[in-house]
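What follows is a set of notes on a single structure, which appears directly below.
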């Protein structure tokens, strides 16, 4: 049995280490494509810096547009790391092991780009410095900046801690790597030998971070919700914004997690580790989150629609029947109702393709929803501006805004790809430990003992 476990351990290490630094033809194409989009976004940002925010469509009415919408989206997606790493860790879900690093990479990349969004929206980057040095403690904007910075630092630590044993494995196994990379492996491994004392302190540190990171993650999105909820604008003047943002974030994060593991499963040939069981379980989780978010939407829009108060009437008419009606009903029907129906059917939920399709609908709906939360509400203030120019009362994003937005999304995906070029996609030591304690079936991976035998015959 010990020999079989050692063979499985070697098989896991060999397979997962093979993905580090390996070049895939399709991946190279996508890296170049995403990099070109990022270059275009950088050029657009330089133009915005030189000419000012006048090159955007943001005016006195809609002073927030795509940038703040994307801020809320990125902050929301970042919650998936806390959900998978903290909640599933404490709940004892054994199938979580292959997903942990992927979720943490999504969190790290999303919160990294979330920090750029306020800088883009301010127009002048130096204003971020003045916000910190001269900011008012009563301002939710200052709270948001501090919360995002704290969450980013915590996410880096939380990503690095489980990486230490894997760095030691890479240090010992990848002896033919270039000298610079081997120095990096040794530095990041921090002298890890895998003894009981080191394992005890590592797991203790990870448990502490699991407790700390979850309330920090929830507070970041709650504070982001307070940016708009602490004002008297129609659609924002409600106490439901905190949980509305948090559960919408969990839903969007779960959806993007499914899409990313589907791509990694196919691109890196990780079918033995990212199995239909993971997609089925994440599909059930996504269905539960979507049902609850649908309930919150019913409260957010249904209650004021029943009353149709004068201050809310213009906004609701715009969302239900007006300029933004198509986006709104796509979000409600295609982004919430249809995915719930699909994922509630067991046969569809057990199909990876259908789960991925439902996740894509949810993600598109969540992205549009972030825009609908921000801009239409700004176009319907309590006290309209008298004699305002017609162009000021309509928000149509310019090419500059679309380019910067596209480059931010491309950069988010590109950073995840680069992280997995440097580090193993799946946490090797936790998967090995999970298999030894619970067996392969409980962890959710396929029978690696058979895989090892097949590889042995092939060699």
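Backbone N, Cα and C atoms are what each Cβ position is placed from, and that goes for glycine too.
A TrEMBL annotation is a machine prediction, not a hand-curated record.
The feature transmembrane segment is assigned by TrEMBL to 29-47 (among others). Packing against the transmembrane segment (29-47) from elsewhere in the chain are residues 55, 120, 399-400, 403-404, 406-408, 410-411, 413-414, 417: each is 6 or more residues past its ends and has a CB under 8 Å from a CB in it.
Annotated transmembrane segment per TrEMBL: 67-90 (among others), in sequence order. Residues 96, 99-100, 103-104, 106-108, 110-111, 113-114, 117-118, 120-121, 148, 151, 155, 158, 210-211, 213-214, 216-218, 220-221, 224, 245-246, 248-250, 252-254, 256-257, 366-367, 370-371, 373-375, 401, 404-405, 408-409, 412 of the same chain, all 6+ positions outside the transmembrane segment (67-90), place their C-beta atoms under 8 angstroms from a C-beta of that stretch.
Residues or ranges marked as transmembrane segment in TrEMBL: 102-120 (among others). Long-range contacts of the transmembrane segment (102-120) within its own chain (CB-CB distance under 8 A, at least 6 residues past either end) are made by residues 45, 48, 67-68, 70-71, 74-75, 77-85, 128, 141, 144-145, 148-149, 151-152, 155-156, 158-159, 162, 217, 220, 253, 256-257, 260-261, 264, 404, 408, 411-413, 415-416, 419-420, 425-426.
If you look up TrEMBL, you'll see 140-161 (among others) marked as transmembrane segment.
The transmembrane segment annotation in TrEMBL covers 205-229 (among others).
Positions annotated as transmembrane segment by TrEMBL: 241-262 (among others). Here the transmembrane segment (241-262) has Cβ contacts under 8 Å with residues 72-73, 75-81, 83-84, 99, 102-103, 106, 218, 221-222, 224-226, 228-229, 274, 278-279, 282-283, 285-286, 289-290, 292-293, 296, 300, 352, 355-356, 359-360, 362-363, 366-367, 369, 416 of the same chain, all six or more residues outside its ends.
Per TrEMBL, transmembrane segment is recorded for 282-298 (among others). Beyond the transmembrane segment (282-298), the same-chain residues lying 6 or more positions past its ends with a Cβ under 8 Å from any Cβ of the stretch are 99, 240, 243-244, 247-248, 250-251, 254-255, 257-258, 261, 332, 336-337, 339-340, 343-344, 349, 355, 358-359, 362.
According to TrEMBL, the transmembrane segment annotation covers 326-345 (among others). Under 8 Å from some Cβ of the transmembrane segment (326-345) lie the Cβ atoms of residues 283-284, 286-287, 290-291, 293-294, 297, 319-320, 354-355, 357-359, 361-362, 364-366, 368-369, 371-372, all in the same chain and six or more residues away from its ends.
TrEMBL lists 352-373 (among others) with the feature transmembrane segment.
Summarising the annotation, TrEMBL assigns transmembrane segment to 399-420 (among others).
Beyond its flanks by at least six residues, the transmembrane segment (352-373) meets 66, 69-70, 72-73, 76, 228, 235, 248, 251-252, 254-256, 258-259, 262, 276, 279-280, 282-283, 286, 290, 319, 324, 327-328, 330-332, 334-336, 338-339, 342-343 of its own chain at Cβ-Cβ distances under 8 Å. Counting same-chain residues at least six beyond the ends of the transmembrane segment (205-229), those with a Cβ under 8 angstroms from any Cβ of the stretch are 71-72, 75-76, 78-79, 81-82, 85-87, 89-90, 107, 111, 140-141, 143-144, 147-148, 150-151, 154-155, 157-158, 161-162, 236-239, 241-242, 244-246, 249, 373-374, 377.
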